[in-house]
Amino acid sequence: MGAASGQRGQGPPSPLLLLWLSLLLLLLPPSPAPALDPGLQPGNFSADEIGAHLFAESYNSSAEQVIFQSTVASWAYDTNMTEENARLQEEAELIWQEFAEVWGKKAKELFDAIRQNFTDSKLRRVIETIRTLGPANLPLARRQQYNSLQNNMNRIYSTSKVCLPNKTATCWSLEPELTNILASSRSYAKLLFAWESWHDVVGIPLKPLYQDFTALSNEAYKQDGFSDTGAYWRSAYDSPSFEETLEHLYHQLEPLYLNLHAYVRRALHRRYGDKYINLRGPIPAHLLGDMWAQSWDNIYDMVVPFPNKPNLDVTNTMVQKGWNVTHMFRVAEEFFTSMGLSPMPPEFWAESMLEKPTDGREVVCHASAWDFFNRKDFRIKQCTRITMEQLSTVHHEMGHVQYYLQYKDLTVPLRRGANPGFHEAIGDVLALSVSTPAHLHKIGLLDRVANDLESDINYLLKMALEKIAFLPFGYLVDQWRWGVFSGHTPPSRYNFDWWYFRTKYQGICPPVVRNETHFDAGAKFHIPSGTPYIRYFVSFILQFQFHQALCKEAGHQGPLHQCDIYQSTQAGAKLQRVLQAGYSRPWQEVLKEMVGSDTLDAQALLEYFQPVIRWLQEQNQRNGEVLGWPEYQWRPPLPDNYPEGIDLVTDETEAERFVEEYDRTARVLWNEYAEANWQYNTNITLEASKILLQKNKKVANHTLKYGTLAKKFDVSNFQNYTIKRIIKKVQNMDRAVLPPKELEEYNQILMDMETTYSIANVCYLNGTCLHLEPDLTNVMATSRKYEELLWVWKSWRDKVGRAILPLFPKYVELSNKIAHLNGYADGGDSWRSSYESKSLEQDLEQLYQELQPLYLNLHAYVRRSLHRHYGSQHINLDGPIPAHLLGNMWAQTWSNIYDLVAPFPSAPNLDATEAMIKQGWTPRRIFKEADDFFTSLGLLPVSEEFWNKSMLEKPGDGREVVCHASAWDFYNGKDFRIKQCTSVNMEDLVIAHHEMGHIQYFMQYKDLPVTFREGANPGFHEAIGDVLALSVSTPKHLHSLNLLSSEGGGYEHDINFLMKMALDKIAFIPFSYLIDQWRWRVFDGSITKENYNQEWWSLRLKYQGLCPPVPRSQDDFDPGSKFHVPANVPYIRYFVSFIIQFQFHEALCRAAGHTGPLHKCDIYQSKEAGKLLADTMKMGYSKPWPEAMKLITGQPNMSASAMMNYFKPLTEWLVTENRRHGETLGWPEYNWTPNTARSEGPFPESGRVNFLGMYLEPQQARVGQWVLLFLGVSLLVATLGLTHRLFSIRQHGHSLHRPHRGPQFGSEVELRHS
């Protein structure tokens, strides 16, 4: 549009400062007015038609001179906005106004009485034009004020800039920066900032100036006989029913606009969601791709009906083909000349400003075409950008110039369009052809032309976003101004009425609160420039009437929207006749000659868009769209972190490219890291550790690089949930956020702690050394000798815990720093975030409380059994149980002491270990059976690569390895392994199923992006294998494997089985709960390094009812003796998994059609159960875990009810048994500790005895006993006293009364994610 672009507000100066500067300029005394050259004054003419002819001829030659000089001055100012040029422009304007005044008054004086009787209609039009003085009616001082107001308003609009928050060095002009942002950004907040800032920085200072301008303009035109300025503007259309005609046209087109609005609103809703788009309300004004929401074609990519069809926006092709600005204008010129119309004269190419200057000049960027009225100098001023939209604008502006060229020989008053809409329509008529796919193909911007319905709908929708979207805006701007000029809209209601019209006609609303301090109409160029706007509404009707007529002249056959009049000289000749007529005849005559009708008519437009009208109606009906905006008062909320977060990227296409690149590069790096990690874990050497640290560093650099890039995205309004979820996950950079030196230190600490744990052993004095796996583990599982168990228990902690303690505080410090840098309160907060639940700690506490009664009954029953075996010296029936007597190094599961606690010892044995050994089972056989279970469910078998590369038993070649069982994903979609020092026993049979559960999970989600290759939450991954193990452990299944002689089935058999399961599952609950309770409190600082061990034992006492068998001090670090603590593996996952595995088991049993008690269910060979499990695993981490939970169980919550149901028979039996024996539930004598005096007995495998911490031959020990008897007794007393004192301090510590917080889960296996 010759005046339909825009510019943006001042950067450093505030709106108020601009306002005061403008007012100050207006208050300065006017400079002396320049005088009009006497030779340009009118002479004497007779007051008749002949005199009028002579008057008009004389006027023409003088007017050309004066207008040329005025236009030159205006051009100089608009292309270099300096104070000097402003002064010269105002002087030239005053001369023109003086010229208009003297000639206008002369015309009134001589011809007002007779002009209506002139026989020459052209002459009558000339005189009527000359006699209208406009601002020249004003006295000189007020005329100068009027000119100054116009210049100041234009200066404010054209030089204003918007600066980023707190960054005055980074400021944006309207062209090109703000226009580009509104066109290309999809960031709600950034768009809002650009929109709000521009409207504030321009509108606020303009308002008082505009009030004064309105008053002076009305004063001027009233003296020409008009009621106000609006009446004068409407007079250009020479129709008494003009306003009614416009209203009729608008209502004729309104249904099409309403359907387009509803369709676009739905598309925006998909992008921005319910928060910012109300499907029954107006659309926020900043989201439509344009500062004024006047055309919406810049959001075509968001609303395109058929995205897979060729892209009709050829901007990228223009750039790729090296189009420059001059070429764009040459292409437009060639279109005109192909129709036999005039080329641009040399002055056009020499003098036009086709690009924004780069020399620092302030210019008026709004595109405009200029006639210098010397019949040879015609120019365009445009800050052109290489875009398809600007290509249309170029044709539009050149249409104005072509009009100038065609009517240049008419007298000056007739050198204008037949009406203002004609002038705006001409270039747009050609643009209708230029934008067709056929024409874009002809000029090399489209590879091929698709002639199918979907491509047509895409094209017409794109055109509708430009043409139909504009109609209500083109209509309302002057509806508002006419109300301002008439006084119907006073200054106190400028903004209210502006938004009333914009909501009424456009169905848009301001995105932020606006009031009467704002002047949002002023943010549109045509308001401060005083350019009438209804011309554009008229032109949008006319251009389709012209297009239809010219296409007919060109012989076009087919749909109107496919017509291209390029190279049609017949169409050119018809158009030329219209242009050459200028203003010489009534526009109705010119229109009739062109189209066959003398009225404005929307039928051609409706015909053009008919296919897309029908398509929009169908789409809206199908989607149940509301046409209109019944909730018209709705307004969107402000974004969070506004305006600080406006620089974040919200382009989902860019985000998709980022995610693809991240995924592709991560797969390679994570595979390399996993290989190096595997090599280290299966052969602990210095060289392997160096390689691992190098790979770790590469992964950290990758994580840091892409995490930093991910943080540049604002995903809050992404509609693609997958992209949103991946980027949020990538934004958490974990340890990679640390500075390089600290990262290196952190990695070294972790490696040192894990290495210390993994290679540790304890040795007898004879040099025989025992590793944790299998030696110490076997002793703890099978020995029933109090002192032997004590020595193993204590020695392991002395060797491992004390070595790790010096490293742990720094590990905690750096872990917290990592958490802080990633936006978390501390390390525990970071770990808990994996569960995506604000109520996680409360939920876990609730689960623990539900299960505590069962644990207390189990604890009391087991304590009674241990009392029978070890006696009252070592077991207090009202106190905690010594931690080394429960068959496991950490007392986490108690199934290894099943022989001591079996409810019915005479019932058949449930432990399959003996049968496995007798039948010659091997570690490989164990895993083959596990693989068979999965495949029997219809799940995936492991590959040959798994069998070739896994480490399924401890190597016999002397290598140091990390024996802790773990499953590995190598991130290439085919390499999955297990590392386990498997022993042939039933416990490891269960663990093998657990590990194979991880492998199955890996295989099911292998095709997801790497970010989603995790469990729905960490507990899910731990639970899958354990679910199958619940079936594997049943007597029925063990019998099917020939590992038990019968399926069992009697009551005693059932209770024995459930007891064995409870020793694994129920005994584990408090242990899995407390480990991260302790670590979270270490991370949050409530447990300090001075009381690590004291608080550890406080929690173990509180939750497990256990005590250390020997005194512990702060020099000890017993948490460090558990793999997951030095290995930095969160543990709450195991608590969670132990809860949810029973929920899964219950759901899978239901799917398998199982009837009867839950503990007897075996899902082996159930394809239905397998499908349910597979569907859940395939989700990986792609959705929040409650959705995965709902998929498998039918509801989204964690619940202990399935576990309680499973153990219900045992619970009833335990309650009855404990009541029968009068057992105490709990440990009221919590201060009690076992007798620490050791019996001096021989230790197996050495033949030596322990005496005062030394290992001696039995004979030496006996001699020593007699010699040091007295000293030994004294030592015993002292030891007992010290023990009592230590535990008194410990038990009265504040931590016992501290409310605990936390989560945990299932069967422990370390996951190796990067």
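The backbone N, Cα and C atoms fix where each Cβ goes, and this holds for glycine too.
The disulfide bond recorded by Swiss-Prot for Cys1161 reaches one of Cys1107, Cys1149; that cysteine is Cys1149.
Feature annotation from Swiss-Prot across Asn44, Asn1231 places N-linked glycosylation site at Asn44. Residues His396, His400 are given by Swiss-Prot as Zn(2+) 1 binders; from Glu362, Glu424, that same site also lists Glu424.
Same-site candidate for Zn(2+) 2 binding, as annotated by Swiss-Prot with His994, His998, chosen from Glu960, Glu1022: Glu1022.
Under DSSP, Asn720 (N-linked glycosylation site) is assigned to coil, being neither helix nor strand in the three-state scheme.
For His994 (Zn(2+) 2 binding site) paired with Arg535 (chloride 1 binding site), the C-alpha to C-alpha distance reads 76 Å. Of the binding-site residues Tyr237, Tyr835, Trp1096, Trp1096 has the largest number of other Cβ atoms within 10 Å of its own Cβ. Excluding Arg797, Trp1096, Arg1100, which define the chloride 2 site, the same chain contributes Ala883, Asn1093, Trp1097, Pro1108, Arg1112, Asp1116, Asp1118, Pro1119, Ser1121 within 8 Å (Cβ to the Cβ centroid), listed in sequence order.
Here the candidates are the recorded positions His400, His526, Glu1022. The one whose C-alpha lies nearest to that of Asn166 (N-linked glycosylation site) is His526. A Cα-Cα distance of 45 Å separates Asn515 (N-linked glycosylation site) from Tyr835 (chloride 3 binding site). Of all the recorded positions in the record (Tyr237, Asn324, Asn720), the one with the smallest CA separation from Glu1022 (Zn(2+) 2 binding site) is Asn720. If you take the Cα of Asn44 (N-linked glycosylation site) and the Cα of Asn80 (N-linked glycosylation site), they are about 41 angstrom apart, rounded to a whole number. Between the CA atoms of Glu424 (Zn(2+) 1 binding site) and Arg535 (chloride 1 binding site) there is a gap of 7 Å. Annotation for Asn720 (N-linked glycosylation site): spatial neighbours Glu652, Ala655, Glu656, criterion Cβ-Cβ under 8 Å with sequence separation of six or more.
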